[in-house]
Amino acid sequence: MQFEVIATCNTTRARVCRMELAHGVTMLPTFMPVATQAAIKGLTPEQVESLGITLILNNTYHLNLRPGIKTLNEVGGAHNFQGWKRNLLTDSGGFQLVSLSKFTKIMEDGALFASPFTGEPTMLTPEESISIQHCIGADIIMQLDDVVSSLTTGPRVAEAMERSVRWLDRCIEQHERSGRCDRQNLFAIVQGGLDAELRDRCLQAMIARKDRVAGYAIGGLSGGEEKDVFWRIIKQCAEQLPADRPRYAMGVGFAEDLLVCVALGVDMADCVFPTRTARFGVALTFKGPLNLRLRKHAESIEPIDENCPCPTCSSRMSRAMLHHIVTLETAGAHAVTQHNLVFQAQVMGRARDAIIEGRFPNYLRTFFENYFGNQGYPEWCVNALRSVGIDLLEGKDLPLIPGSGVKWEYSDAA
């Protein structure tokens, strides 16, 4: 990996970086679409690449189960298997310790899974996770970590954090033995739940291993915790992580969340949100999400966004057409998925441009004004951005929205 900081914001901790991997350059900050099973649902690799996306995510746990390592080895890795020519990151399987916990037993050696397909037991150790990721051939590989729900409290959180540090050492040893450090880059994952002291301890331990890892992820969040706690953990971690390594916030996908994380110093994020919500008929725009299932869109001949360069909008496929087919015909899901991925790319691309041009604070103010309008701003976003020198409410008389403050169209009256 070649990693270079290109520009920084004079007000916030936002920055623009150039990350060169074996399959090309990815500019940061960026959003990574999730192709869990080696496919972004509804799109071909050529379509995804044509949208300007240079880095996607596959899942180690799922690819190990199907198609399996034998097939991946025979075809020469996941790039060849899925026909993807650009950069690829693999999650280690640690998240499945939470999402599939009823199938999982955690031990010091590793995680014992019962396959959700066959029921057969499978032991995933740190060494095995790294070996599988070597077979997959991802440009960025993640350590196996002991993940607990972000809502977990008590001694289990400290146990998981300490085990994640021990497992990192085992992942490092396995990776260095492989001779693949020149083309596959290992990231550590900071754990510690919502406990600031545990996070500090984990950060200290993992930063001590800086010379043996290529980057860092902030894990164990986006699991239902209060947003006002979420941003404080992100800020705590981003402030301490080395400036010469990429910083990756795992599981972050809402546009406002992405921009707050960028302002706090995060470079990368991933989430199933934009593709999953497309399949439910919701299109993401700079004026807020559009629920295309609502009757008010049934006669609109406008595209989702007049200024969007995605294939769906540039071909002027109407909201009425999308209302007619979305959630019923696969073409509708495909069309909205392409739009949503371009929207995510635009959110981050405009952030990069604004940082380079020295106008990132104004970009944030404009985004929130357009996205939330006069209904008020999420209180947690206002608090988070104030912590890095931006007051979204300066000169405005708007209410603060408690909780997550997520904006949705729930009815035709919205």
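Residue 1 is the first one shown; counting continues down the chain.
Glycine is no exception: its Cβ is also placed from the backbone N, Cα and C atoms.
Any TrEMBL annotation is an automated prediction that lacks curation.
Among the features that TrEMBL reports, domain 'tRNA-guanine(15) transglycosylase-like' is placed at 12-371. As annotated by TrEMBL, substrate binding site applies to Asp91, Ser92, Gly93, Gly94, Phe95, Asp145, Gln191, Gly220. Taken from TrEMBL, the feature active site, proton acceptor covers Asp91. Per TrEMBL, region 'RNA binding' is recorded for 251-257, 275-279. TrEMBL lists Asp270 with the feature active site, nucleophile. Positions annotated as Zn(2+) binding site by TrEMBL: Cys308, Cys310, Cys313, His339.
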Given a 10 Å Cβ-Cβ cut-off, pick out the one of the binding-site residues Asp91, Gly220, Cys310 that has the most other Cβ atoms nearby. Gly220
Could you give me the DSSP helix, strand and coil counts for the region 'RNA binding' (251-257)? 3 helix, 0 strand, 4 coil
Across the region 'RNA binding' (275-279), DSSP yields 5 helix, 0 strand, 0 coil
Comparing the Cα of Asp270 (active site, nucleophile) with the Cα atoms of the binding-site residues Gly220, Cys310, Cys313, His339, the shortest distance belongs to Gly220
If you measure every Cα to Cα pair among Asp91, Ser92, Gly93, Gly94, Phe95, Asp145, Gln191, Gly220, the residues listed for substrate, what is the largest value in Å? 15
Which whole-number mean pLDDT does the model give the region 'RNA binding' (275-279)? 97
Would you mind checking how many other C-beta atoms are within 10 angstroms of the C-beta on Asp145 (substrate binding site)? 31
Residue among binding-site residues Cys308, Cys310, His339 with Cα closest to the Cα of Asp145 (substrate binding site): His339
Phe95 (substrate binding site) CB neighbourhood, other CB atoms within 10 A: 21
Phe95 (substrate binding site) and His339 (Zn(2+) binding site), compared by Cα position, are separated in whole Å by 27
C-alpha of His339 (Zn(2+) binding site) to C-alpha of Asp91 (substrate binding site): distance in Å? 25
Name the one residue among Cys308, Cys310, Cys313 whose Cα is closest in three-dimensional space to that of Gly94 (substrate binding site); these are the binding-site residues. Cys310
From binding-site residues Cys308, Cys310, Cys313, the one whose Cα lies nearest Gly93 (substrate binding site): Cys310
